[in-house]
Structures are given as C-alpha cells and as structure tokens.
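Undergrad: One structure, pasted below without further comment.
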Amino acid sequence: MTRTDRPALRVDGLTVRYLTKGGPVVAAADVDLRVAPGQCLGLVGESGSGKSTLGLAVQGLLTREEQVATEGVVAIADRELDPGDERGWGQVRGHLVTTVFQDPMASLDPTMTVGRMLTWVTRDKQESLRWLEEVEIREPKVVLRSYPHQLSGGMRQRVMIAMALARRPAVLVADEPTTALDVSVQAQILSLLRREQDRLGCGLLFVTHDLGVARTMCDDVAVMRHGRIVERGPSAQVFDAPQDEYSRRLVASRLTLDTDRARPVGPPEPTVVASMSEGLAQPEPESLTRRWSAGELTWASFAAPEPERRRPPALELVAVTKSFRTGGLLGSREKQVLHGIDLTVEPRQSVALVGESGSGKSTILRIAAGLEQADGGDVVIDDRGGAGVQVVPQDAGASLTPWRTVEQLLLERLGNTPEGTGLTDAERSARIRLALERVALDPDQVLRRKAGQLSGGQRQRVAIARAVVVPPALLLCDEPTSALDVSVACTVLNLLNLLRQQLGLSILFVTHDLAAARVIADRVDVISDGRIVERVDAGDLSDSMTSAYGRRLLDAVLP
Amino acid sequence: MLRFAVRRLGSLVLVLLCLSILVFVLSRYGGGDPVRSYLGNNASASAVAAMREKLGLDDPMPVQFWDYVSRLLHGDLGMSLSTRRPVRAELADRLPATLELAIATLLFSVVIGVVLARVYALPGCFGGIVRFTLLGAASAPAFLVATAGVLIFFVQLGWLPVSGRTSYGPSEGLSGIYVLDGLLTGNLAYSWDALQHLLLPAFAASLGPGVALARVLADGLSTSIGSAYARTARSLGESERSVLRRHGLRNAASPALSMLGVQFGMMLSSLVVVEQIFSWNGLGQYLVMAIDRADTNAVATISLLLGAFYVVINALVDIALAAIDPRVRLS
C-alpha cells in the first residue's frame, strides 16, 4: 500500500459558507486536499483566506454552527463524514483527528490543573506523566499539579501537544501553533511537533500565515486565497519558484536576514508608490514602480536635506531603573524590570529594541512616551518646540476611538501641538490630507469614515498618519507589524522608512522580529531581563551578534 | 489556598474594626437623644444628668469607644432603651427569625438564578419576552413584589399565610429556626406550616437578586461555552453536555458568586422592609422600631450585626472564588 492510496485525510469538494446578514460569505470554495500518513501539508494564506475555517471543518467543529452551510466530504482514515452533520463525528473528533490551537493560554481551561485536563484524555495518571516527559517537560510531576497560568507559553503549548497526541490520532491539525509564542521557543515547538509526527506517523495539516515556518515544517504546501487553493506543490518548489501571481507576491513579501535594507521591501505597492512621488525628480508612478521592481530604487533618493544646526539627541536614557509592585495590603512584592538602562536615539536615527515578552522593552517605550515614570536615572527628550513624542501601537484598532472619524482623530492631534494651533482651518485641512497621502490612504475615501469602519491595515496607517501629521521629535513604534499580514506589514515598514527619510524622523522601534528590526533600524539593541545585553549595527546583524539571547533570536528568523 | 483563606480572614478582622468605629460614631452623632427617649420629655434636668452620667455619655469620645468595644467583646450589648430589656436578650429572640429568612432568601436567589439562567439563554422572540419581563420584575423593589404577592396569594387565592412565622407558638427546638426545629423534633406539620409562612417573604426578597444572578450566570455560560478552551474540549471529543458541565459551569461560577456577594447586601436591606410587611419578628422589625425611638444601643448593634453578616459572606465568597479559580489567589 503506497502513501497516496490511503490518505490520512482526504477533503473532496469542500465548500463552506458563512450565512451573514449581508448574504452568504464563501470561506472555502470547492477545496480538495490529501494528506498522507507521515506527511506534513502546510496550508498558508493571509487572514480571511479561509485556512482556519478549513482547519475547523476537517475536525467537524462546524457541525453545530447554525450560521454555516457546508458541502463536500471529509474523510479521516477512510471514514467519510459530512462536515455539516454531527452524525459519525463523535467517534472521530478527539480520537482520529485532534488539534493544537494557536493561543495555548486561551485554549486551556484556566480553572483546571494540567493533570486534570490531560488525564481526562489519557485516563491514567502514569500515562499523563509519560506524555509530559514525551513532550520534553522538565519536572512533569510539578507540571501535572500546575494551572495553565503558572506555566510559560512554550510549556503550555507542549501540554496542548501532549493532549492532542495522547490518543494517537491519524490526523493532527496544527492551527498557527507558534504564532502566540515568543520567537525563541518557536523552533523548539516546531521540532517537537515534527519529531512526534514522525514517531506516530500521523498526517499533519499545518495551518499558518508564516511562510518561514511553513517552509521549515512542511513537505508540501497549499497557498490559499479567498477560500481557494491557488497553488500547491512541494515546499521548496512553491517557495523558490512560485507560479501563481498571488503566491509570488506573498513569497516576495517575506522578510529574512538577507532582505536588502537599502531598498523598499516586498513587491511594488501602488499606494506606497503614490506617496513616494513627492519631491522627486522623476515622480511618475510608472517609472517608480519599474525602478522598484528592478531594485534600483533606494531610500537614499528620498532623504530630506540635513539641517544646518546639529540637534541634541531625540531621546537619552541614562541609568534608568524601574520596578513594579505587586500584591495587596498584606505581603506585597517588588519586581525590578529595568536595571540601569542607557539608551540614546540621535536625531534622524532609528533604533530597534528587541527582546522577548517580559524583557522590559515595552516598559522602556512607556517611559519614553511619558506614560510611566522611571524610578531612577535621567530621561531627556528633545521636545522640538512642543512636537513631543508619538506612539504607533501594536493594536491600532484599539488605539483609535472607534466612533470618531479619521478627520476628527487627526484634527485632535493637530490641535494639541503648538505648530498645529497656529494654523488656519484651510491649512489644517491641507496638513491632514498630506499626512494621509503620505501613509498611502486616499483622503477623499477615508476622511469621513469612522475608525471602526476601517480594515486592520487601514487603521494601522491612520495611527501612523496621526503620529506624523505634526512630525514628532521621536516616533515610538510598539510592534506595529506583528499583528499584520505579511503584505500589509511590508507596506507599513516601507511607509515608516519613507517617512523617516522625508521628515527626518527619529524612531525607537520595539519588536521581537529581527528581520523587521533590521529593515527599519540603523542600530539594534538587544534587551534581556531588563538589561541591554548587546548593541549592534543593523547592517551586519548575523555576523556581529554574539550574546546568547541575540543568537537565539537570530536562529528564530527562519531562512 | 490555605494562605489565601487566612489572609482574607485576617483582613476581615480589620474591616470589622473599621465597621465598629463607623457604627459607634454614627450612633453617637446620628441625632436623637437616647436619654430623652428613655426618660420621656418631662423628666427633670437632674434625672437626665444622672442618666447621662450612668450611661457614660459625658466621658471623652475615645473612652466611650473603648468602653463600647470592651463591653462588645464581653458580649454586653447594653440595654435596649425602647424595650427596656438587654439588647442581647432581644437579639436571642429575633436573630434566628432573620437568619431563617436570610438563609431562605439566599437559597431562593440561587435557585431562581440557576433556573432563570437557562431561560435567559433561550433564543428568539420568546426568549426576548422572558428577558424583558424578568428585567421588569427585577427592577421592582422588594416591597412592591411583597405587596403583589400578598394580593395574589393571600387576598385572591388564599394559598399562603402572610403574617408572622407560624400558626402555632414558638418552636420547642434549640435553633430557633422553625423549619429546622420542626424537622429535628419530628414535628413535620410544624415545619410545613413554617415553610408556608416563609415562602412569600423569602420570594419577595430574592426575586431581584435572583434575576441579577441569572443574568450574570447566563452571560458567563455563553462566554465560556464559546471560548477557546471549550473549543479545545470539543476537539478532544468532549460532548456538548460535558463541555457545559466540566468547563462552562466552573468558569461561569466565578462572576456569579461575586454577584451573589454583592446582592447579599441588597437582600439584607430588603429584609428590613419585608419583615415589616409580613410581621416577621426579626432584626429588621426591631431595627425599624429602635430607629423610631432613638434606641441607639439597639440600632448600633443591629447595624453592626448586619454589616458583619455582609462582610463575612463576602469573605466566604472570595475564598470560594479562590477555590474555583486559582488565578484569584495570586492577586
């Protein structure tokens, strides 16, 4: 019997429609899939491509949804089932097909110990212990008695994997299993998944938006867009020589440590091209697009002239310390999060601060933004006559008041600066339009829209426009691309770089993604446990980074 | 867990101390002259002065407070100026009555809450009508519900008694809680009669809290069965019923319990009114009479007692919360 004869998972003609008030929305359209035992098939695509819906459908998790209509057949280890009908799924779901979900914190019941959850699956405590050892959890006996919140993100995901594998399924679905984890544990979780899959010989359906992860993990990939599979084939083939137009764009948008920093990243984007034309000798979009595609367009061509007078640093932190107090009236504890941080951002300089969650990088950003007071040390900010500091947050959707229009949001910022208050209404309106154009938004389209009506990428751009409508002395970016799809992330990085050149901005960019850091920054500072452990030039990260933590971050950027 | 319980009970002592200071200050400056109300308006100036001296009302405030607390700790609650009996004796007679009503109200609230939580989750138009009606019922103050209950079940239908705690005399049991005493002494008819007397007042006081509880519980249930951990449970092959029982209820219990703790305060205050309406010879009735007659000893003691009820119940709620949800123990 060959691999192709008896697939672990077979999907034939699967169509999934979400019945919404505005009519049916097709999440998957006539999808066929085969996953052989021992094979890993990657399902890649951007948000809204239908990849997660497909992941749910093959486990029969859509059968109870009233607002969902399905067609087609799902077969798990030769058992044919209807993804829209609960009949027959009872013996299959949780037995022949199991899942590792994205966010292990939310996906584990917070009120139950690991032992209680795992033993429900294994039916035997010794077996639970054995599985915890199998997924390389140290001190399995302690973990068995622990609650999810007492474990690290990586440990939680290992527990999740143990629960999913304990019944030895024929098919394992992994739905973005490392997206919610720190990059430095990503590689461990992936190799664990791969090893266990080989050992059990189950088929693995790996749903991800991260092309790097798909490339390392999967034998074959299927690229999804708008519910359809637009291209499929062996990973190496799809990623090295994509045939489909969309796959090509997707692959081109991926950042690695070899991405050229001097030029715009990703394929040419019409809206970005439109905002580039200002102040150039050859401003025609066609020629810009051609030069971008040919790799002839460098950031240097957009640089604003150097100011005559040298300015002081935009941000200077000297020996800054900070600690937080936890606990109540009786028995409080103090935890030091910053130990003597020295950090300078020169005018027109861009510095990336990289570290994992809990390292203190967000606290530094909050101190620089004036949202938090340092306990000790000096914080000096060049105020540039009241322009102040502006923040582009990670979750722009939450940072914009949803019922205010884009115009109101930008006017508000304009009214809060000395520069803005001196303007006439006409001048203000012109400033706002210019700011929106700079972030590649059409003012006529978005000015009157409310923030809540915009897409994620649009909101992120509005947040940037609000931050730069009056050029701030310092722009603070808090993981502005980590929640975005790769193509949108490229656009945001390109826009930030463009603004940096045109306006001569100083930027402090907080991230855990070295590939993004190296594109946006001149210098990368690595922070670990509240101390800056390393400072390297962004130009040759891979060669000059020596700290243990820095090397781990480097390894996390998949080739 | 044990450490959390000890810490929580420790802070309870602090709260009780603050409460006693507050009650003391209010009783001394709350207006009304206890001596005048005791001796009458025609008493001579010298008699009043002698009485003030006897009650220690002319001592400096800290001395008075110290006296008050040390007598409190020895179980001496002073004389009730309105009934001319020791406050302690009055409480011994009336506390069981209020306890009986409070316990029944608490139980009714939980039952109403759990039953209505299911009705609340009903979809469609019928569910909407139910929710609307319940919201109306819950917004009605206890005295209105009580009056409506009297009109329907006593005046119209004649099903339930509406006055006092029993058709017989006081119980011969030890607890003073009539339903319980009847059961303990094997006198089931007595228990049944006491239960009938209990139904309307307890229902009147528990409708509002019960509906509030139902709303929180229904909300919590729908959140937790739609959560990521419920999806995980389903993906591991748990049935819908198991998801609801193992994960849904457990996670929805925390907000519902907190709600119950808050609602208990509301229940106590409506008990004062409800006892009045149903001639329930408990603390509430005593309190109303004592306020009327400027009986400061009685008012202070009952306030302290009701306040203590409230903080103790809430401490127990917190400890129960910590037992259900381990994350509470951290904060």
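Each residue's number is its place along the chain shown, starting with 1.
Glycine is treated like the rest: Cβ placed from N, Cα and C.
On a predicted model such as this, the values are computed, not experimentally measured, just so you know.
Here TrEMBL flags B:95-317 as domain 'ABC transmembrane type-1'. TrEMBL lists B:12-31, B:101-120, B:132-155, B:256-278, B:298-324 with the feature transmembrane segment.
Structural setting of the listed features?
TA: Outside the transmembrane segment (B:12-31) by six or more residues, the chain places 61, 64-65, 68-69, 72, 296-297, 299-300, 303-304, 307-308, 311-312, 315 with a CB less than 8 A from a CB of the stretch.
Long-range contacts of the transmembrane segment (B:101-120) within the same chain: residues 127, 130-131, 134, 177, 198, 201-203, 205-207, 209-215, 217-218, 221, 256, 260, 263-264, 267-268, 271, 274-275, 280, 282, 309, each at least 6 residues beyond the stretch ends and with a Cβ under 8 Å from a Cβ of the stretch.
For the transmembrane segment (B:132-155), same-chain residues at least 6 beyond its ends with a Cβ under 8 Å from one of its own Cβ atoms are 116, 119-120, 161-162, 200-201, 203-205, 207-208, 210-212, 214, 270, 273-274, 277-278.
Within its own chain, the transmembrane segment (B:256-278) has Cβ neighbours under 8 Å at 97-98, 101-102, 105-106, 109-110, 113, 141-143, 146-147, 150, 162-164, 197, 200-201, 204-206, 208-209, 212-213, 216-217, 220, 284-285, 287-288, 306, 309-310, 313-314, 317-318, 320-321, 324, counting only residues six or more beyond its boundaries.
Same-chain residues lying 6+ beyond the ends of the transmembrane segment (B:298-324) with a Cβ under 8 Å from its Cβ atoms: 1, 4-5, 8-9, 11-12, 15-16, 19-20, 23-24, 26-27, 30, 72, 77-78, 80-83, 87, 90-91, 95, 102, 250, 253-254, 257-258, 260-261, 264-265, 268, 283, 286-287, 290-291.
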